[in-house]
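Novice: One structure follows; several queries about it will come next.
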Amino acid sequence: MEQEMAEFLPLNRGSKMEDSERQTFSLIPIKSRKKGGLITMPFIIANEALENVASYGLLPNMTFYLMREYRMNITTTQNLLFFWSAATNFLPIVGAVVADSYLGRFLTIGLGSIFSFLGTAVLWLTAMIPKARPPPCNQSGQACKSTTTSQYMLLVFSFLLMSIGAGGIRPCSLAFGANQFDKGNHNPNKHSVLESFFAWYYTSSIVSVLIALTGIVYLQDRLGWKIGFGVPAILMFLSALFFFLASPFYIKPKVRSNVFASFIQVLVVACKNRKLRYPNQNSDYHHKNGSGPQVPTEKLRFLNKACIIKSPEDVKLNGGAANPWKLCTVEQVEELKALIRVVPLWSTGIMISINLSQSSFPLLQAQSMNRHLTKGFQIPAGSFGMFMMIALTIWVFLYDRVMLPLASKIKGRPVRLKPIVRMGIGIFVSCISMVVSGIVEHVRRRRAINEGLLNNSHGLVEMSALWLVIPNSLNGIAEAFSAIGSTEFYYSELPKSMSSIASALLGLGMAVASLLASVILSAVDKYTKGEGTESWVSSNINKGHYEYYYWLLALLTAFNLLYFVACCWQYGPSADVDITKRMMELSDDDDHLP
């Protein structure tokens, strides 16, 4: 960013000066250095990229850490990871509300970085301090000591701190970065610069996750938990440090009101006015002057009572409501209706997130299979998730740069699948992925039994772990269709003023999915075991029936596809917008940044 020379004026010009002032009179700047711009981009991108490396690098091998060091069974381990994932995906919604309504984005990101660092540091201490976890079972003839309440709470506390940190960083980074280019109409290249920023932002997100799934996982496998947990803690310290170092250069927008409060107002006022009759004249409805619809729609009609003008005193001279908790606008009512309309279709994406959240079982599968690429190198079991990211990236490139242009050339007109169609394809591919996962596990388990490894869950099956690349790749393709399609659908169907909601819906779905996944797993564990019968999700992978669990998820996904079709029929025609163009528009108005 170009640096400008400050303009100076004499201090107390025209007044009587001292002798020293006559020789060298004081100067003060009247124009400060410009803030924002490209100079802030590396700090903002590095902040979230390092947070991604730290957090995503801890997840893959966490199953081994909990099972080996804390001696948890597979069901307890996976449920704890489900709860951690739910908190990590839900708290960004809280963070968005706090940032928009109270603290502002800069302070929210800064506090989130500190919390993330503290969380990784506490997790690192559980590996460094022997008394922070149960002692090893190396005394012959003595029962292994179980995890104490204080040890368990310290572990959960580290997860909670990291989730709070993610809740502060993730919902604000992209919007805060876009704020740095918000200089009114003085920058004619604003949109091209923003497009470059978005490209670098999303690229860094993908690269950081790949580094986490390879580099951090490799350190944990080769150098142990002390180094493997210490490195993420150092990265989070650097993330917070770099972010605060650039504080003088940031544009820090003022706190604005949040759309979540508007929804609560509509519900409260509608309940207060529930006994009112619907007016016969359109003028009896309150709306913003010169903007939006003047009459609410007939769908979800009971909400219309929130914008009925009961008396002239309810409206101020400037057209605003005298008390927003007694009178809402038509626009507020229609925004809430739009959200309620997309909720059924939003719920259809939960099942895909449930399928993608199954992290422990693929890890145990990979651990029991031959992971060697050469005689001297084998892929860490926790790194197989990178194939999902690779498949997602390759598919997005092929779809956007090869398939669509080719189809458009053949048809002689622009060809583009609507977001709602891509959402449906994503559900279908996710179903196929679970079927294939079950088939691979069925073959692996049969070979393990034939090789005499039924009672040896740590034995190595003579089967290449590269077979797991197939379901991982299918998961990546399903994610590409579903996540991108869902995000574009929310942005196209919800009003521009609700873009913060559009960006939060996907994370909220993942949070709900983690809780439901825990319910499904606990139910399967409870109802599939009995006297002399192992649970489908037994900690002994060879005695359990993980393939049955995968096929159950495939069956639930198939029913979810039928539910999706019914929701599409009920929803009716959907709009279609260019999401990149919408993001550019949102950057012009800080109120609407996601």
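Here the Cβ of each residue, glycine as well, is placed from N, Cα and C on the backbone.
Caution: TrEMBL annotation is automatic and unverified by curators.
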Novice: Using TrEMBL as the reference, determine which range in 258-277, 338-357 is annotated transmembrane segment.
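Specialist: The range carrying the transmembrane segment annotation in TrEMBL is 338-357.
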Novice: Suppose I define contact as three or more CB-CB distances under 8 A, residues 6 or more apart in sequence; do the transmembrane segment (80-99) and the transmembrane segment (152-178) meet it?
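Specialist: Answer yes: the transmembrane segment (80-99) meets the transmembrane segment (152-178) with 3 or more Cβ pairs below 8 Å.
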Novice: Which listed stretch (198-219, 338-357, 377-399) has the most C-beta pairs under 8 A with the transmembrane segment (501-524)?
Specialist: 338-357
Novice: Counting Cβ pairs under 8 Å to the transmembrane segment (460-481), which of 39-59, 198-219, 377-399, 420-440 comes out on top?
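Specialist: Looking at each of 39-59, 198-219, 377-399, 420-440 in turn, the most contacts to the transmembrane segment (460-481) are made by 377-399.
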Novice: Would you say the transmembrane segment (198-219) and the transmembrane segment (548-572) are touching, if the rule is that at least three C-beta pairs must lie under 8 angstroms and be 6 or more residues apart?
Specialist: no
Novice: Applying the under-8 angstroms CB criterion, which one of 39-59, 152-178, 231-251, 338-357 scores highest with the transmembrane segment (420-440)?
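Specialist: Comparing 39-59, 152-178, 231-251, 338-357 against the transmembrane segment (420-440), the winner is 338-357.
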Novice: Give residue numbers and ranges for long-range contacts of the transmembrane segment (377-399): same chain, 6 or more residues beyond its ends, CB-CB under 8 A.
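Specialist: For the transmembrane segment (377-399), the sequence-distant neighbours (Cβ-Cβ under 8 Å, at least 6 residues beyond its ends) are 60-61, 64, 206, 209-210, 213-214, 217-218, 220-221, 356, 359, 362-363, 366-367, 370-371, 465, 468-469, 472-477, 479-480, 484.
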Novice: Let me spell it out: take the transmembrane segment (198-219), skip the flanking residues so only those 6+ beyond its ends count, and list any with a Cβ under 8 Å from a Cβ in it.
Specialist: 41, 45, 48-50, 52-58, 60-61, 173-174, 177, 227-228, 231-232, 380, 382-383, 385-386, 389-390, 393, 580, 583
